[in-house]
Amino acid sequence: MALNLVKGIIFLSPTVLGILGNVTVFVNYVLLLGGTEMKSVQLILIHLAFTNIIILFAKGIPKTVSAFGQGLFLHDTGCKIIVYLERVARGLSICTSSLLTVTQAGTMSPTDSMWRRLKLKSPRHILSIFIWFWILNSLISMNLPLSIISINSVNISQITKDDKYCYFVPEGWIIRWTFLMLMVLRDAVFLGIMGGSSGYLVFLLRRHHQRVLHLQSSKFLYKTPPEIRAAQSVLFLMLCFLVFYWADCAFSMLFSSSLNINSVMLNIQEYVTLGYAMLSPFVLIHRDEQTVLLIFSVTKFEMNLSSAIPCIKQNRVKVAEMHRDLWSDYQPADCSP
């Protein structure tokens, strides 16, 4: 019982923080879109935050409930929905992160560069790419609803129900390898694009750093432009993504080649799967001044509101007392003849 409580808290705390962080990033950039001209990077960050929210709800919340020892809470339909959404959202995370690096590289590149041509100038292009991402990842994961059932529908003797809530029915080797190769091909293509654009961003930042050193040696006052800070944030995001992605791949390869799988290692692998969705919003919050100002303004408003409520109640009491005293002293005039 105590072990389930500890595991539940370990999954619950970062899941809730990750959801709150992604909601903050999502709301912040939606408000920015409403007040200014729509920018491609802002649309991509909104879609990335929305994708992370889906992952945390579809993966983090069920895993937290299961860790508390309540593994028998989903039926077949619920298992099909959450596992399918989680798999589609993971694919969307890879595609969106790759698109973010390409767009940022196009933004920073010179006007005569090839990368400049890849910059998406119209929000319609971004939205059409998002639709294509959803269609692609929905088709790649279309085998999951047919091979997933609730753990309630499985004989206890077939599996161990420790921290599990859904069960994958073994598929035929043709279907399994077909969809596996499609997933590997998708990941290879978008990771290659991400690596190439990230390398180009590193080259641009290195060249910018050399210019900064020249300006500092010339005793000029220099301030880092927002494009450079945005590029640094994107590179740090991609580094986090690659660390969690390859760690997840390493755990998957380890489990596929091992007969005895430790439950602790399984929990670590589940935690790594959620790592990027939990961490990425706080990277954006730390780097983005607009998000920090939004959080500060909301907190300040709540503090002012909480301090003003007692004063409002006190004033209402005083007005009521004055009103009562006024009518108690009032004597109607004698109008009788």
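In case you wondered, yes, glycine gets a Cβ from its N, Cα and C as well.
According to TrEMBL, the protein has these features:
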- 21-284: domain 'G-protein coupled receptors family 1 profile' (DOMAIN)
- 9-34: transmembrane segment (TRANSMEM)
- 40-58: transmembrane segment (TRANSMEM)
- 126-154: transmembrane segment (TRANSMEM)
- 174-205: transmembrane segment (TRANSMEM)
- 226-247: transmembrane segment (TRANSMEM)
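The predicted model assigns the domain 'G-protein coupled receptors family 1 profile' (21-284) a mean pLDDT of 80. The highest tally of CB pairs under 8 A with the transmembrane segment (226-247), across 9-34, 40-58, 126-154, 174-205, is held by 174-205.
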